[in-house]
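Some features that TrEMBL has for this protein:
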- 28-52: transmembrane segment (TRANSMEM)
- 46-295: domain 'G-protein coupled receptors family 1 profile' (DOMAIN)
- 64-84: transmembrane segment (TRANSMEM)
- 149-168: transmembrane segment (TRANSMEM)
- 205-231: transmembrane segment (TRANSMEM)
- 243-265: transmembrane segment (TRANSMEM)
- 277-297: transmembrane segment (TRANSMEM)
């Protein structure tokens, strides 16, 4: 921390923060390190496999798989924005993070998280069109429209988070500089600020309602239409197969929306910090790990593409 002078008074300016991470005995910390490392490796492997498989198979060059590739690419960077620092904390290395580093981590984690909210709702809408209106699907959801929708998801996701990120730069931090979390969240900045945080709390709350609840509503409305269509399938086996896939998607969406709503759709910063950490694990680590397996690796076309790719590598 640095000291300066403002209107004749000494002011302490925070230049770095300390991330507490997870308290506990060394054995538990080591086990958590191994668990997080394994989950990170599996997340990277799963999502990279999807991108390579879809890219190598021209039959999968459709809007649905284009959105899935966008999601996989996003998950790689979403986890990379936070997990490497978490792993370094587990290893007992420096728990400190610079002011700029903390702000950049917050911006990328929340921008990518917002983009994921939009992507998931677009993917649900895409599946709704494919299942409920199969004869009109190719006319409505062409490559041109899917490119524009994906671009809008990324653009709006990064632009909308720039508002709270800018407001954070206007806050003053006089100390302490200890963050009781394993990454830099908006709540952490609010708690440590020694100036009025009403504006950033209000703007973050409004953005969370628009992004999270808006995406959640669109996603589940799409799934209601999908379920209604599935119920009209004459074959019992066909209904069971469709419900099996649909239920796995809904399970993952409930984890994602449940954790993000719990964390961000709240007007007050007063909440159990330990509970926050647990919910952050679900949104930052568990969902990105499960996404490739539930959304794509359970898909027959993608699995066939992976088998073909592995066979091709084996031959050469």
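The count begins at 1 with the first shown residue.
Positions of Cβ are set from backbone N, Cα and C atoms, glycine also.
TrEMBL entries are annotated by machine, without manual review.
Touching of the transmembrane segment (277-297) and the transmembrane segment (64-84) is concluded from the presence of at least three CB pairs under 8 A, sequence neighbours closer than 6 excluded. Non-local neighbours of the transmembrane segment (64-84) in the same chain are 36, 40, 43-44, 46-48, 50-51, 54-55, 105, 108-109, 112-113, 115-116, 119-120, 122-123, 126-127, 130, 143, 146-147, 149-150, 153-154, 182-183, 284-285, 288, 291-292, 295-296, 301-302; each lies 6+ residues outside the stretch with a CB under 8 Å from one of its CB atoms. Taken together, the residues in the domain 'G-protein coupled receptors family 1 profile' (46-295) have a mean pLDDT of 90 on the 0 to 100 scale. Sequence-distant contacts of the transmembrane segment (243-265), counting only residues of its own chain at least 6 positions beyond either end whose CB sits under 8 Å from a CB of the stretch, comprise 113, 116-117, 120, 124, 185-186, 204-205, 208-209, 212-213, 215-216, 219-220, 223, 226-227, 230, 276, 279-280, 282-283, 286-287, 290-291, 294-295, 298.
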